[in-house]
């Protein structure tokens, strides 16, 4: 059997720190970010299905979200101000991401390509799946800002404002529900969110 470096590369997601140009109270890596995005994307899809007549496969969306930044094991996490400095850089970075996604898929054993390619290659996702994962990605970045700000780190003040605009652009009924039901707790302390717990 031929050796594959696929999972050895994926395991390096935990070594890639997000928000590299900003001072962080707590550093966040791509691996933990991907898990949070997967949980939030799954919730958004489930909310859409349960409350707003959606027909999404919430489990598939959780998987897509788990892999949404996987290509960063080859490209690193380019800071947002650099990535979107102008339209040409944004376009070139998208092309680099596409190459990295394909290179990552090519590392998987041939007999598993058809399993991993549709998870890693965003072109294989439906528009609705892409939208949900993008909403979850922006929501998780916003939640990171709330956590940093609540810890007294004003470095994330402008990032929060920018992300509020992004969330407004990606707004949906399921996102409004998530924001109303789940996000307020992120402004509270551990004691405050544990008050009603019988433990």
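Glycine too: its Cβ is placed from the backbone N, Cα and C atoms.
Copied over from Swiss-Prot, here are the features:
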type	residues	note
BINDING	18, 19, 33, 69, 77, 78, 79, 80, 137	substrate binding site
SITE	18	site 'Appears to be important in orienting the phosphate for catalysis'
DOMAIN	30-142	domain 'HD'
BINDING	33, 68, 69, 137	divalent metal cation binding site
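Feature map: Swiss-Prot annotations on the structure.
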residue	record	Cβ within 10 Å
18	substrate binding site	20
33	substrate binding site	23
68	divalent metal cation binding site	24
69	divalent metal cation binding site	20
77	substrate binding site	17
137	substrate binding site	21
Entries of 18, 33, 77 which, being binding-site residues, have CA atoms within 10 angstroms of residue 69 (divalent metal cation binding site): 33, 77
Additional residues surrounding divalent metal cation, by Cβ distance to the 33, 68, 69, 137 centre under 8 Å: 30, 34, 37, 65, 133, 140
Distance check against residue 68 (divalent metal cation binding site) for the binding-site residues 18, 77, 137, keeping those with Cα within 10 Å: 137
Helix, strand and coil totals (DSSP H, G, I; E, B; other) for the domain 'HD' (30-142): 91 helix, 0 strand, 22 coil
